[in-house]
Amino acid sequence: MALTAETESRLYRSLRAAAGAAAHLVALGFPTAVAVLARPGSSLFSWHPLLMALAFSFLMTEALLIFSPETSLLRNFSRKVKVRVHWALQLLALLCALLGLGLIAYNKHLNGKAHFVTWHGLTGLLTVLYAGGQCAGGLLLLYPKLMKNWTLAKLKLYHATSGLVGYLLGCASLMLGMCSLWFTASVTGVSWYLAMLCPLLTSLVIMNQVSNAYLYRKRSQH
């Protein structure tokens, strides 16, 4: 028996709500697992994986999920409040990422190791620089009058799509970090694959959210 359009729509919303709830759990659970593994404070390096996990798994994911119509933790608040909290979380994510980048660079300097010679290092550097530019671009949405020749709708579209690219870069950096000798020495077998699924899951949820909110709507207007 074929499903009606209303039933399909309800089922789709339920699946999105379930995926969003899972993304919230992963956003918190992944950095917690990294903290247990890294034991922050045990060494200078130990702060790097924790800060990066906080930046790109927890803070950045929650900053984007704020706008989810199904699973936003601020669903009953005004869009103005959501935008302010989103910007604050993104700024905190950038600060954590900058600190994490600075600590790993200093740790490599102390140990006489080369900088940014792996795919993880290069992707991480690109991601942090991109996140800085994205935060600066977010100011244009807080103060759209600075861009007089651009409509607010166009600014939102470009900020959302470029933000999605930055988020995917962050997830890619986390996944490459899980291929490092430090991570694979402690996490093996099924646990490693489950860890790799964490940023993959949240990236799929965020991609679906952004495409539904901006990209699909943009296409439907033509």
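Going from the start of the chain as shown, residues are counted 1 onward.
Note that Cβ sites are derived from N, Cα and C of the backbone, with glycine treated the same way.
Residues annotated as domain 'Cytochrome b561' in TrEMBL: 12-217.
For the transmembrane segment (17-38), same-chain residues at least 6 beyond its ends with a Cβ under 8 Å from one of its own Cβ atoms are 46-50, 53-54, 57-58, 61-62, 65, 68, 70-71, 73, 183, 186-187, 195, 198-199, 201-202, 204-206, 208-209. According to TrEMBL, the feature transmembrane segment maps to 17-38 (among others).
What TrEMBL lists as transmembrane segment is 44-67 (among others). Within its own chain, the transmembrane segment (44-67) is flanked in space by residues 20, 23-24, 26-28, 30-31, 34-35, 37-38, 73-74, 82, 85-86, 89-90, 92-94, 96-97, 99-100, 103-104, 106-107, 110, 124, 127, 131, 163, 167, 170-171, 173-174, 177, 182-183, 198-199, 202, 205-206, 209-210, 213, which lie at least six positions past its ends and keep a Cβ under 8 Å from the stretch.
The transmembrane segment annotation in TrEMBL covers 87-106 (among others).
According to TrEMBL, the transmembrane segment annotation covers 118-143 (among others).
What TrEMBL records for 164-185 (among others) is transmembrane segment.
Beyond the transmembrane segment (191-216), the same-chain residues lying 6 or more positions past its ends with a Cβ under 8 Å from any Cβ of the stretch are 16, 19-20, 22-23, 26-27, 29-30, 33, 56-57, 61, 64-65, 67-68, 156-157, 160-161, 163-164, 167-168, 170-172, 174-175, 178, 183-184. Among the features that TrEMBL reports, transmembrane segment is placed at 191-216 (among others).
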The transmembrane segment (87-106): which same-chain residues, six or more beyond its ends, come within Cβ distance under 8 Å? 44-45, 47-52, 54-56, 59-60, 62-63, 66, 115, 124-125, 127-128, 131-132, 134-135, 138, 142
